[in-house]
Amino acid sequence: MSPSAITESPRNSVVDHTSGLQVDSLAVQGPFPSFHGYDHVTWWVGNAKQAASYYNTLFGMKIIAYRGLETGSRYFASYLVGKEDVRFVFTSPIRSHVHLPEDEPISDEDRALLKEMHAHLEKHGDAVKDVCFEVDNVQGVYERAVQQGAVSIAPPKTLSDKEHGSVTMAVIQTYGDTTHTLLSRDNFRGTFLPGFRDVNRQPAAYSALAPVPLQRIDHCVGNQDWDDMRAACDFYERCLSFHRFWSVDDNQISTDFSALNSIVMASPNNVVKMPINEPAKGKKRSQIEEYVTFNSGAGVQHIALLTSDIITTVEAMRSRGVEFIEVPHTYYDTMRRRLKTEKRDWELQEDFDRLVRNNILIDYDEGGYLLQLFTRPLMDRPTVFIEIIQRNEFDGFGAGNFKSLFEAIEREQAERGNL
């Protein structure tokens with residue numbers, strides 16, 4: 001199977017409980033509530049203030065909103081940072097759950113969340129906790145998911161404030177300790193969510209740094225343990241009506257030392273795409289195995305951020321201190337020859353030598369091309385990283401670059417003693 005081929009899931013009929021009709025689980029529109037895209041990604045971290053500053057300084061984002069002691073949140077602090085439609089929320093506990101006074105006036109809900117957050121940090125370190133989808137019908141998506149076996153974390157509820165209106169949200173469990181929030185903000189006019197205060201002042205030093213032209217979240221990748229990929233994909237198909245958009249196996253994603261399998265699940269209207277990876281047998285430990293070991297289980301491996309100008313983006317990030325993986329020059333020697341000899345209906349718009357200098361990779365078919373690059377892991381645990389991606393009439397996921405990318409990652413694994 002071609003790595004860029006769009007593949008279909010087995011066709012399963014489900015009952016639309018609003019109409020009583022049998023509907024195909026791969027239908028793109030029909031009765032399924034629409035997914036509008038990624039709303040935001042929530043990270044649970046040890047120090048939200050420092051994490052927010054890190055992404056502002058290195059990735060060119062800015063603090064947009066805040067929730068903490070000053071807004072009445074007595075046990076948690078959260079910072080919303082973002083650029084255009086990229087939104088990350090960093091949340092930290094600000095009290096110990098084991099040293100609270102016996103007469104502490106804390107709700108049972110906050111006590112349980114405080115305990116869960118500390119346990120999550122001990123198990124995973126700084127990590128993605130939640131990937132939020134904006135949908136047009138929270139109740140409909142939630143009910144269908146739960147009816148199909150999804151674990152409910154929080155049923156639909158409405159949050160509001162007098163000034164900005166209300167949002168509706170619900171939470172379901174996905175792979176590992178990761179969750180999905182389902183959010184509708186049609187009736188909300190504020191910057192983010194009720195309970196957050198807008199932040200309008202930014203450190204003066206940020207204005208001296210090169211701007212980073214990010215646009216939105218392109219996709220979020222989940223790593224699974226051995227033989228767990230298909231169960232994770234089945235969850236998205238069964239519970240959220242996603243379909244299999246794209247897939248490759250270990251015959252196509254392998255190096256001399258390791259291999260993996262990958263399936264991309266997409267929402268019914270294809271606006272949300274969630275690649276799911278698992279390790280495959282190889283001579284040594286794959287990057288997926290390394291992730292699962294240091295993350296203590298399945299979780300979000302990387303978040304791809306879309307840009308319309310990857311050269312400017314990567315150069316700006318590099319000047320700000322972001323570390324990217326290094327690609328051998330032999331890759332570009334081969335790519336230069338291919339671009340000169342292979343038939344296609346497009347011309348590369350970027351300066352090839354600048355792509356080489358910035359270690360940016362190229363994948364393409366006859367109709368278009370993709371440019372991409374991975375950062376090094378963002379934490380001391382070799383777990384989460386960021387991908388920068390630019391699409392030019394190309395909907396694939398860089399299968400042509402997988403071998404080169406993974407060989408580059410393996411070189412760093414070897415330095416860490418984890419290959």
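The backbone N, Cα and C atoms fix where each Cβ goes, and this holds for glycine too.
Note that the coordinates shown come from a computational prediction; the quantities given were computed from them, not determined experimentally.
Lifted from Swiss-Prot, the feature list:
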| type | residues | note |
| --- | --- | --- |
| BINDING | HIS219, HIS302, GLU387 | Fe cation binding site |
| DOMAIN | 37-185 | domain 'VOC 1' |
| DOMAIN | 216-376 | domain 'VOC 2' |
Item to check | Stretch-averaged pLDDT - the domain 'VOC 1' (37-185) | outcome: 97
Checklist entry - Taking the Cβ of GLU387 (Fe cation binding site) as the centre, how many other Cβ atoms fall within a 10 Å radius? => result 21
Checklist entry - If the Fe cation site is taken as the center of the Cβ atoms of HIS219, HIS302, GLU387, which further residues of that chain fall within 8 Å of it by their Cβ? => result ASP218, CYS220, VAL221, PRO275, GLN301, ILE303, ALA304, LEU305, PHE374, ILE386, ILE389
Checklist entry - Per DSSP, what is the residue count of the domain 'VOC 1' (37-185) in each of helix, strand and coil? => result 42 helix, 65 strand, 42 coil
